[in-house]
Amino acid sequence: MLLLIISIFIIGFAILFLRPTKDSKYFKFLSILPFGLFLYFLQFIPEIQSAKKNLIFENQWIPSLGISLDFKIDGLSLLFSLLITGVGALIYFYASSYMSRDPYINRFYCYLTIFMGAMLGLVLSDNLISLFMFWELTSISSFFLIGFNTNNEDSRKSALWALSVTGLGGFFLLASFVMMNSITGTFSIQELFSQSEVLQSNYQYYVIIAFLFLGAFTKSAQFPFHFWLPGAMKAPTPVSAYLHSATMVKAGIYLLARFTPILSDGEVWNMVLMCVGGTTMVVGAFLSVFKVDMKSVLAYSTISALGILVFLIGIGTEIALLAASTFILVHALYKASFFMITGIVDHETHTRDLTVLSGLKKKLPIVAICAVIAALSSAGVPLTFGFISKEIIYGSTFDFDFWTYNSVLILTALVLITNVFLTSAGLLVGIRPFFGKLPEKFENIHKPDYKLWLPIVILSVFTLLFGAFPFIADQGIISAVTTSIYRSQITQELHLWHGWNTILLLSGATIVLGFILYFIIKPSHKTVEKFDSLNRIGPQNIISVIAENIKLFAFKYTRFFHNGYLRSYILFIIVFIIGIVGYKFFNDVTLKINTNDLSPFRIYEFVIFVLIISAIIVITFTQSRLTAIVSLGVVGLSICLIFVVYGAPDLAMTQFAIDTLTVVLFVLVLFKLPSFLKFSNTKNKIRDGIVSISFGILIALITLQALFYPSNKEVSKFYAENAYLLAKGKNVVNVILVDYRGIDTMIETVVLSIAAVGVLSILKYKSEDEETRE
Amino acid sequence: MKKRENNIRPKLDTIILKTATNYLLPLLIMFSLFVLIRGHYLSGGGFVGGLIASIAFVLHSFAYNTKRTISLFRFRPLYLIPMGLSLSLFSGLLPFLISKPFMTSIWFLDSVAVIGAFGSALLFDLGVYLVVIGVVLTIIFTISENV
């Protein structure tokens, strides 16, 4: 399994080498990749149904940290894998025609393949860390796909929005995973199942679920983070169909479903999901019918559908989870088909404006039939798969055994409103462009080729097939999905016919009211503008104000600390050290100075001391750079003398050579500068004086303090004793450099080289630039 | 104005320094090699040796000029850096030949006059020596040419 996922990524990069113009007609064969994967995952269906053995593929990664690349197939991950590869195969096929004239089609397929690999990894991972890694990969590949039209500013902007919102969520998700790990000591999802009580009784439980929710809600575009999804519709249509309706946005749903058996406490978890999901589904559905762009309608109805899924997971009863599992499949089937239809309409007529489009059925008959099927499925008309899911969605709210009378009314009313608006939105996209009078300018549009309409036909066939024979889907996979969320064998089944009851009445009412709404609300640009003006107080605006302020703060912060003056960097560093070390020192350490073992005072020590002090005074008060540099050299050489006196000849030699070179370097650079133009004022001098004197005092105190403690000489003793035995060297310093810690030395030389190359490139390029300018 | 700027730095055109440098340069380089080689038994080593050798070249560039010093090399001092780095790496990889871990020191000759034992550690130090010369000369010459 690991090999499979890695090879997807490798193939993804290999696609980059296909040449767009020459090989364009071969891109349709790339759909063999997802289709092959689809067939591969299909073979797991019988094993999932029997549920006898766990399908786990174990791969070690970083065992010491508990991070593995274990993959596990259960009902939930299998459904998602099938959706990803199945819808993926259709999208690959579709895009080979839709994107055929794009000069960067190879990049497009590369991103798409990386996305598919990441998404498969996400749903199959059994380890929190690898799950997170794939989660972030989907965000990143989605960023490239949304911003695929790089020369369009809007597209770049919305790609950035999508990345920052989902990235923010990902950050919290990681925090949540790490907290789970610190409580349970494991990153394995399987092992978490048995520890769910430990997690729920921990005082950090609410923080964990809050962070997890943030991750899932941002990814799945829940209110108030929903705004990135309509923006993401700037992506090419196949991307919208694939990522932003069928797969990626459902990653949040997957996460919630996956963690329901672990983290659901029956109260807070469910209440939050129901509130957020409920708000999202109503708001999304309501907004969707007032849009004129087909893609906008679909974007908002997708948000609403995601809200329904979160809401159903929040309800958490057996039938609700069954409804959620079914609706994932239903929605993927009809929404992907809607998006591809929109793509065809856009491709042929070059507009997605619902106020202009009508009567296209004469020109695009096959597409029109599929559009009607999708619209009926979204409305929940019998014999489409949508009907089945709508029945059980109502079944899960209209459940007097579980809810009180009032909650049944409220919940059912919410779902009814949502469904009515969704029905109307579906009709808007599926019926409106195809019926009525054909405008003259569309008389001459050419027919789409088979690569465009075949995928839609396939999706429609499945919608009808599952609609007429729901047990195929149910026995096939839906019951296994529900089992893996519910964690115990389920008794409910999908039925076409539940008998004459209230739920059927509700379904009927939905369809009728939806049709009425469809005829009342006419798409117009005026209403769109009205809603746009409301955006000023919308969440997107609030968040962008926050983002602007963060940017401003970062700018000011950087300007203050990174002002480009070496002197202030040194000042900051030293003041910081004084602050933090001084605090620790005076707080936790009792000052003791051992005066007993001090060696007797020697006259040459005093001479060196006087030399250094007088050189420093000269540096501070001199008016010439050259004098300052030479005095600095005196300080350095005096320190050499100290090394000599205290028996460190190696250090002394090195210091001597370095000091010579430093003086040379200073002279080279500073000799050409004019004499000091501006002296630092008295205030600065006093400040610098205080800082350096207190730093000196601090270091002196620490040194004296260090003498008091018996030092651990084990390491140095080992080096000294074994230098000749192990390394055949008598100079311990050198043996440490070239042998004991040779790798350190090697890396240090690399650092030196980088410095040299840095100096060279900065100065050379600059001078060459100036030469060309002259 | 521009002309004055160029002339701000008076030429150190002293015949004594030039003559002295002619003798000092080889002496200093020999000394630096000596420091490098004795490093294993007495104070010294590749780093100090490299610094001493670079000082020798810097002295030469003071007596004459940078161009003349660079022309002493067959190539730019910059190329000493990769040479030194690969020599160090090579000495680290040598133990693989006798299937020992990376950077285990191995010894070719046990007692050579002056050097003592000759082994991969000395090769490694030689690499450091070359890198240091390359780095110092590159930095100083680049700055002196461009400032």
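Quick reminder: no glycine exception, Cβ is built from N, Cα and C everywhere.
Those TrEMBL annotations? Automatic predictions, nothing curated.
For reference, TrEMBL has these:
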- A:62-109: domain 'NADH-Ubiquinone oxidoreductase (complex I) chain 5 N-terminal' (DOMAIN)
- A:108-125: transmembrane segment (TRANSMEM)
- A:125-408: domain 'NADH:quinone oxidoreductase/Mrp antiporter transmembrane' (DOMAIN)
- A:239-257: transmembrane segment (TRANSMEM)
- A:269-290: transmembrane segment (TRANSMEM)
- A:297-315: transmembrane segment (TRANSMEM)
- A:321-345: transmembrane segment (TRANSMEM)
- A:366-388: transmembrane segment (TRANSMEM)
- A:408-431: transmembrane segment (TRANSMEM)
- A:452-473: transmembrane segment (TRANSMEM)
- A:503-521: transmembrane segment (TRANSMEM)
- A:565-583: transmembrane segment (TRANSMEM)
- A:610-674: domain 'MrpA C-terminal/MbhD' (DOMAIN)
- A:685-764: domain 'MrpA C-terminal/MbhE' (DOMAIN)
- A:689-709: transmembrane segment (TRANSMEM)
- A:745-763: transmembrane segment (TRANSMEM)
Query: Are there residues at least 6 beyond the ends of the transmembrane segment (A:321-345) whose Cβ is under 8 Å from a Cβ of it, and what are they?
result: 76, 79, 83, 87, 90-91, 94, 98, 237-238, 240-242, 245-247, 250, 253, 257, 260, 294-295, 298, 301-302, 305, 308-309, 312-313, 351-352, 357, 360, 364, 367, 370-371, 373-374, 377-378, 385-386, 388-389, 392-393, 395-396, 426, 429-430, 433, 448, 452-453, 455-456, 459-460, 462-463, 466, 473, 477-479, 481-482, 485-486, 490, 492, 494
- request: Among A:62-109, A:610-674, A:685-764, point out the range having the most Cβ pairs under 8 angstroms from the domain 'NADH:quinone oxidoreductase/Mrp antiporter transmembrane' (A:125-408).
  value: A:62-109
Statement: Lying 6 or more residues past either end of the transmembrane segment (A:689-709) yet within Cβ distance under 8 Å of it, the residues of that chain are 571, 574-575, 577-578, 581-582, 585, 589, 591-594, 597
Statement: In this predicted model, the domain 'MrpA C-terminal/MbhE' (A:685-764) has a mean pLDDT of 82
- prompt: In the domain 'MrpA C-terminal/MbhD' (A:610-674), how many residues does DSSP assign to helix, to strand and to coil?
  reply: 55 helix, 0 strand, 10 coil
